[in-house]
Amino acid sequence: MNQIIPPTIPPALFAERADAIAQAAAELAASGWTPATSSNFSMRLDAEHAAITISGRDKGHLGRDDIMLVDMQGHAVGTSARPSAETELHTQIYRRWPAMNVVLHTHSRTQSVASRLFAKEGAVRLQGWELQKAIAGQTTHDSELLIPVFPNTQHMPELVAQVDAWLDAGKPLHAYLIDGHGIYTWGRDMAETRRHLEALEFLLGCELDLRRLSA
Ligand SMILES: CSCCC(=O)C(=O)COP(=O)(O)O
Ligand SMILES: [Zn+2]
């Protein structure tokens, strides 16, 4: 892949972010959270650009050549490669929250089953779990943490509109599920975003266990 980097972006910064994406993706793939080329990952480079995975690549074996540049409208920059089919969901997060620098989307079995089970309720309601405090800004297990489940669609502007509607209603949002699909979460850096993803995977698994045990 021939990526031309705009003069305002230091090539070393692109390389560093691409390597960080590839490393995180390999680790998440090793956990079985990115089956069959699913999932996508991005990191902000500056106010106008993000590095994101090229569509359709095996997320367990990414190299620098599998990461490309997009602008904040989700258009490819400096390459004819095709960015993730879900790029608009990433750039929406960067546009809405200038402090957010990383977006991770995975398709683990737990995330996928939870998305189907809780779709009719519209959200997973987390309360009473100590691990809720792994999410930035959550200071107690007592507070309610809502993870919405949005209907799946192949038409990204519809998904973007669902996320916008949730946020425009003034509801807090740290992550969301897409029905039958997977999870999106984000953070200020890779460590925080990985922590969010791991905590949510654990919490969704606990909620599924509770449903099973109380059936
Ligand atoms: C085979 S997975 C279907 C698409 C998807 O949900 C996904 O996460 C990966 O799409 P991408 O275009 O980012 O490779
Ligand atoms: Zn996906």
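Using the three backbone atoms N, Cα and C, a Cβ is placed for every residue, glycine included.
Heads up, TrEMBL stuff is auto-annotated, nobody curated it.
Among the features that TrEMBL reports, domain 'Class II aldolase/adducin N-terminal' is placed at 19-208. A mean pLDDT of 98 is what the model gives for the domain 'Class II aldolase/adducin N-terminal' (19-208).
Summarising the annotation, TrEMBL assigns Zn(2+) binding site to His105, His107. When secondary structure is read from DSSP and collapsed to three states, His105 (Zn(2+) binding site) falls in the strand class. Listed in sequence order, the residues of the same chain lying 6 or more apart from His105 (Zn(2+) binding site) and placing their CB within less than 8 Å of its CB are Ser39, Asn40, Phe41, Glu86, Leu89, His90, Gly182, Ile183, Tyr184.
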Query = Looking only at Cβ atoms, how many others are within 10 Å of the one on His107 (Zn(2+) binding site)?
reply = 23
